[in-house]
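Database features (TrEMBL):
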type    : residues                     : note
DOMAIN  : B:28-138                     : domain 'PurM-like N-terminal'
BINDING : B:Asp30, B:Asp75, B:Asp212   : Mg(2+) 3 binding site
BINDING : B:Asp30, B:Thr44, B:Asp75    : Mg(2+) 4 binding site
BINDING : B:Thr45, B:Asp46, B:Asp123   : Mg(2+) 1 binding site
BINDING : B:Asp46, B:Asp75             : Mg(2+) 2 binding site
BINDING : B:His53, B:Glu264, B:Trp307  : substrate binding site
BINDING : B:Gly122, B:Asp123, B:Ser214 : ATP binding site
DOMAIN  : B:151-248                    : domain 'PurM-like C-terminal'
BINDING : B:Asp215                     : Mg(2+) 5 binding site
There are 2 protein chains.
Amino acid sequence: MGELGEFGLIALVNQGRTHTPGVLLGPGDDAAVIAAPEGRFVVTTDMLVQDRHFRTDWSSPHDIGRKAIAQNAADVVAMGAVPSAFVVGLGCPSDTPVEFVRALADGMWAEAGRAGASIAGGDMVRSPILIISVTAFGDPRRAPIKLSGARPGDVVAVAGRLGFSAAGLAVLSSGGDAAEFADVVAAHRVPQPPYEAVLELPDAAEITALTDVSDGLLADLGHIAESSRVAIDLEAAALAVPELESVGNALGVDPLDWILAGGEDHAFAATFANSGDLPQGWVRIGRVRPGAGVTVDGILRSGPAGWESFA
Amino acid sequence: MGELGEFGLIALVNQGRTHTPGVLLGPGDDAAVIAAPEGRFVVTTDMLVQDRHFRTDWSSPHDIGRKAIAQNAADVVAMGAVPSAFVVGLGCPSDTPVEFVRALADGMWAEAGRAGASIAGGDMVRSPILIISVTAFGDPRRAPIKLSGARPGDVVAVAGRLGFSAAGLAVLSSGGDAAEFADVVAAHRVPQPPYEAVLELPDAAEITALTDVSDGLLADLGHIAESSRVAIDLEAAALAVPELESVGNALGVDPLDWILAGGEDHAFAATFANSGDLPQGWVRIGRVRPGAGVTVDGILRSGPAGWESFA
């Protein structure tokens, strides 16, 4: 890509793209302009570092692009907001093949489209390793759903998959048979946050707190418990994931470890005040109680709770 | 910083900060919430890579933090928008001293304050080298001032310093006397975009195109000329910078090279339709003509026009 230069590359990755209506002014000026019809916008940012957050020998550039966008879109949706746009900073070595960058951009646009938004701009720089920085925006069409709203008596529920990405990572890390366990390996390469489970919540759903499971279920519910000053008790039986049993047997791992501490699936975890039927796509996994901390069947679980940078 | 961990570090850099009113919800949830009273917002992003965009032996962490924010704030202001907030992604080695990160954050907050905004959130990850990704937001209180509005007959003007940062870089690169040429070295370490020259433009100022000088005057005016489909002719006499003569003499460089091709000062360059007095802070440097390209006293200048990544 040294031959194309920065401006040639920017033209290349933007070629033939169609922006969603929320992008009022796209790439090409000093800054982009994004619609914020509610008079405010939601913003989140993540940095992904080669060999720490992704490996080019485990994932295609298209998969890496999708994952980078998905994990940011999930954070926007986890506020109860509708994704409106993304901007992307990309650092890469000057000998990076142009095809790699194009496939990365294609993956980003594909996942942005799944989330209903497009990529409004970015920056490209030379760097000794691949670095992807994504910032995502959303329209908060309702009051932001924060971590702090859970109350004793609320039902704890989850939408989306738990433990799949961690199981896939375990297969890849152990040199296991990626073809035999293709489902979990694919889940590690590209998370599939169930955006619609949040975006199509009926108004009557009394959702009180919401987050996406990025660091691990215990860690992320821990953030809700701490912010809301409550305890959360999960029911192990409700967390069982039959699809993970054969992988667990093959690798000698209790799948519950992946389910409780594995991040990156970007499922959504929430608390609901109404004790009736849960909205479409949501499964009950526990109950909010007075107190502090997160327990499983009433017991504090030892061992790693999830991902922490620098840990 | 390995000892503090990600969440400890996030608490540290946010300790004791006061957010500006535009930050409706700051760090601590899945995403931040920023006010966009005009129903739209301006956004720009830049990635800074250690040893490419900054050197820790040439600049203090406080200076690096200020520069990272200043260059993004300048892009927001270059759209005619008022900075409202920033988010920051930071990648750094786990043996980075906590004091370094704190000073970097202090520098960012200092420059954000100069621009009238605060830092609404971010991400911290482990990385083999220092990487800083800044995304900046602004309120477009008037129609965005784009690159494409220049018309033949317009006056070309600049607000702020040209060539200082490039001269400072030349002193540092050549091992010259940083103390003797402290002004230009300081200008390289921390640019001082004259935000107020744009933010306090009177309504009567018929500004037609605007950019900040980040890549170099010729390169950035080239973007205006290309987008507006016009030619720009500069007057060499109007560009002379007496303060750069002694540095030029010491290093055997024609200061006009720094003035025309040196970026990073983040001056503002604009075109104005009215031929009367220029607004406060603006100096006339040339004229828009029919045609294409940027000339100096009517002559196309050979040699490097400015910074391009991967070049």
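Just so you know, glycine gets a Cβ as well, placed from its N, Cα and C.
Just so you know, TrEMBL annotations never went through curation; they're auto-generated.
All features noted in TrEMBL, drawn onto the structure.
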{"residue": "B:Asp30", "record": "Mg(2+) 3 binding site", "Cβ contacts under 8 Å, 6 or more apart": "none"}
{"residue": "B:Thr44", "record": "Mg(2+) 4 binding site", "Cβ contacts under 8 Å, 6 or more apart": "B:Asn72, B:Asp75, B:Val76, B:Thr135, B:Ala136"}
{"residue": "B:Thr45", "record": "Mg(2+) 1 binding site", "Cβ contacts under 8 Å, 6 or more apart": "B:Asn72, B:Ser133, B:Val134, B:Thr135, B:Ala136"}
{"residue": "B:His53", "record": "substrate binding site", "Cβ contacts under 8 Å, 6 or more apart": "none"}
{"residue": "B:Gly122", "record": "ATP binding site", "Cβ contacts under 8 Å, 6 or more apart": "B:Ile10, B:Pro27, B:Val87, B:Val88, B:Gly89, B:Leu90"}
{"residue": "B:Asp123", "record": "Mg(2+) 1 binding site", "Cβ contacts under 8 Å, 6 or more apart": "B:Val88, B:Gly89, B:Leu90"}
{"residue": "B:Asp212", "record": "Mg(2+) 3 binding site", "Cβ contacts under 8 Å, 6 or more apart": "B:Ala74, B:Asp75, B:Val77, B:Ala78, B:Pro193, B:Asp220, B:His266, B:Ala267, B:Phe268, B:Ala269"}
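Residues of the domain 'PurM-like C-terminal' (B:151-248) grouped by DSSP class, helix first, strand second and coil last, total 46 helix, 15 strand, 37 coil. In the shown protein chains, 23 other C-beta atoms lie within 10 A of the C-beta of B:Glu264 (substrate binding site).
Secondary structure counts, DSSP: the domain 'PurM-like N-terminal' (B:28-138) has 34 helix, 45 strand, 32 coil. It is 5 Å from the Cα atom of B:Glu264 (substrate binding site) to that of B:Ser214 (ATP binding site). Less than 8 angstroms from a Cβ of chain A: among the binding-site residues B:His53, B:Asp215, B:Glu264, that describes B:His53.
Taking Cβ-Cβ distances under 8 Å and a sequence gap of 6 or more within the same chain, the neighbours of B:Asp46 (Mg(2+) 1 binding site) are B:Ala68, B:Gln71, B:Asn72, B:Asp75, B:Ser133, B:Val134.
Averaged across the domain 'PurM-like C-terminal' (B:151-248), pLDDT in this predicted model comes to 95.
Once Cβ contacts within 10 Å are tallied over all protein chains shown, the binding-site residues B:Asp75, B:Asp215 are led by B:Asp75.
Cβ contacts within 10 Å of B:Ser214 (ATP binding site), excluding its own Cβ and spanning all protein chains shown: 22.
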